[in-house]
Amino acid sequence: MSLVYLMATNLLVMLIVLFTLSHRQLRKVAGYVALIAPIVTSTYFIMKIPDVIRNKFIAVRLPWMPSIDINLDLRLDGLSLMFGLIISLIGVGVFFYATQYLSHSTDNLPRFFIYLLLFMFSMIGIVIANNTILMYVFWELTSISSFLLISYWYNNGESQLGAIQSFMITVFGGLALLTGFIILYIITGTNTITDILNQRNAISRHPLFIPMILMLLLGAFTKSAQFPFHIWLPKAMAAPTPVSAYLHSATMVKAGIFLLFRFTPLLGLSNVYIYTVTFVGLITMLFGSLTALRQYDLKGILAYSTISQLGMIMTMVGLGGGYAQHTSDELSKFYILVLFAGLFHLMNHAVFKCALFMGVGIIDHESGTRDIRLLNGMRKVFPKMHIVMLLAALSMAGVPFLNGFLSKEMFLDSLTKANELDQYGFVLTFVIISIGVIASILTFTYALYMIKETFWGNYNIEKFKRKQIHEPWLFSLPAVILMLLIPVIFFVPNVFGNFVILPATRSVSGIGAEVDAFVPHISQWHGVNLPLILSIVVIIIGLILALVVNWKEVTHQIIKSASITDGYRKIYREFELYSARGIRALMNNKLNYYIMITLFIFVAIVVYGYLTVGFPHVHQLHISSFGPLEVILSVVTLIIGISLIFIRQRLTMVVLNGMIGFAVTLYFIAMKAPDLALTQLVVETITTILFIVSFSRLPNIPRVKANLKKETFKIIVSLVMALTVVSLIFVAQQADGMPSIAKFYEDAYELTGGKNIVNAILGDFRALDTMFEGLVLIIAGLGIYTLLNYKDRRGQDERE
């Protein structure tokens, strides 16, 4: 149950932060209260490292909807532990950084940290979920919380557009992911991820295997900003920098990669998956690194660099996916090397990219700009950030003595050995190496170019709006700590490799500790080999390009004619146009029109059900005994109902409608149900009175003459609806699928202590229904109250 308690702790902290919203003095400490959640979460995961290394996994399963195998199924293994550590430890730094970044006087701190806590809670849920539907719920929660965080400064138009764009693309991917999970359930009959992976060989032979893979890939590519779905990530940079440092470099964008790692033992059985992921990753890596060079905004450079680095990791996920087809032959060592390298670089990227974002945030916060055309010579003002960002950028570029060099070497080693695989010949291997090396050169170029344009050159204070610029040490602390980790990981890589990456590799492989024999030992020096030569080539050419070429002009000419963002905007505008037309066609302010649409949909669903399972048998209908009173009431009700179709006077219609309600009251009396009769009488009386009282507030609408065609159509609709309801009564009488609950009602007094069966039903047997019905009424009341207050502030308006 420890995982449940962990999630509950995060929710509790969220509630405490929510409480600070109503207290002005407490708002200032909302960030420090929120900091408790990542500290507790990271402490928990660190304490579980020894257990996971010994293959002692933590699992919790609580029934939710067991009939369709949807349960609160949580599991902590090596892969979820690694991602959990990244989410929580980076979270500690980002939460603290955010307390210094946001203004205590102008920013709504509790609201921001509630959103951030919701996101962290959702990400933890994704990585420990062992049920596909539960994972999907958390998956969409990350999209919702990301939308809220990107639009935090909602008065900014860029924030609004970025939030909508990211939400639409990631939710589209989420729906595709859900489709893939449903296909998996159709194939296997289970939603439990471990059970699904155990059936991987049977699943791979199913005709729906490839469609399922494509759906999961859509979910992963949209979430992890892979080409051509990458366009949401640069627009998301309108969010506060702590959001960019956390969501868009270290956590949310890694969710798609986590998904593919989790299902690698299954997905890797298909060459379609291997080719698609590998080449989409390479294209994304190349496109992102090239596009980063045409940016003026520091966060824009980092956004495209993140896209490029995600493409690099995705390439390794694709190359290593073939392990599912070679779990015990001579190629196993290569596949495990690639998967290990992908996990290693994922960790390294979280460290150096988060440090870069924090550095950019400090520069922007203190100087008021992120434009590299204005930021020359900033090393004189931000000496600590100069060192932090220089080391982080060089690590991203793959320079020796920094952690990025180790994983970049492993990446290049993987590319050079691709020709040993069954899926790749000499030509494909040459293409893969060429794209990988070119993208690596461009990565080195934009990394050094960013540092050169920001920190080197002549400093001119007149370019800045703020004339007093300083570098707060407390603000810089999280970035400095991350910077120190960069060389530490390089010099002691196997500490992280053995305690974090090895258990994750076991989980990805699907065979546990048996994979240990193939896991590489991370070394800083492998001798002079092809990957080292390629690294030297990357550094030399990258230095020349970064210091000599004017990349703004070059890449602007290359990319300006192929803007995917313009295509997205055109599609979005068309979507808005057709949506507006559809809304205008449906929402014509005529209540009877709305009711007919609702009834039509209801009848269509019922008819579809009958066509699918068959129509009810009329000869099996059981008709209860009835007397003269029931006959009279039925005839009176029928006459009143038909009259309502033709009558135009409001008062008469309300009175007749009330008479139908009173007739129902008499029905209840005839059936010896006095409580229901009394309730119906009171409700009907109050409703009728409220209708009549409201007449004085209603506008004068000209009386419309009766139209024979319209009235005939209304009668037909009424008859069809009546026949549908009667047919459902037939079905209810003939249904025998579920056990009777009459025994509960017979024992109502003993079970509930209630002498009134209706009270027992509402207060005990269906207590949750009653509670949620009351909650719906409360929410509706709050909505009406809000609208009335809004009207009072805006003034009286006849349309309102």
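From the backbone N, Cα and C atoms, a Cβ is placed for every residue, glycine too.
According to Swiss-Prot, the protein carries these features:
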| type | residues | note |
| --- | --- | --- |
| TRANSMEM | 1-21 | transmembrane segment |
| TRANSMEM | 78-98 | transmembrane segment |
| TRANSMEM | 109-129 | transmembrane segment |
| TRANSMEM | 133-153 | transmembrane segment |
| TRANSMEM | 272-292 | transmembrane segment |
| TRANSMEM | 300-320 | transmembrane segment |
| TRANSMEM | 336-356 | transmembrane segment |
| TRANSMEM | 424-444 | transmembrane segment |
| TRANSMEM | 472-492 | transmembrane segment |
| TRANSMEM | 595-615 | transmembrane segment |
| TRANSMEM | 676-696 | transmembrane segment |
| TRANSMEM | 768-788 | transmembrane segment |
Inset, instruction - Select the range from 272-292, 424-444, 472-492, 768-788 that forms the most Cβ-Cβ pairs under 8 Å with the transmembrane segment (78-98). - result: 472-492
Inset, instruction - Any chance you could find the range in 1-21, 472-492, 676-696, 768-788 with the most Cβ pairs under 8 Å to the transmembrane segment (336-356)? - result: 472-492
Legend entry - Distal contacts, the transmembrane segment (300-320) - CB-CB under 8 A, six or more residues away: 224-227, 230, 233-234, 236-237, 244, 248-249, 253-254, 257, 260-261, 264, 268, 273-289, 291-292, 335-339, 341-342, 345-346, 349, 353, 356-357, 360, 372, 396, 411, 414-415, 418, 421, 436, 439, 442-443, 446-447, 450, 508
Inset, instruction - Using a Cβ cut-off of under 8 Å, list the residues of the same chain at least 6 residues beyond the transmembrane segment (424-444) that approach it. - result: 278, 282-283, 285-286, 289-290, 292-293, 305, 308-309, 311-312, 315, 396-398, 408, 411-412, 415-416, 418, 534, 537-539, 541-543, 545-546
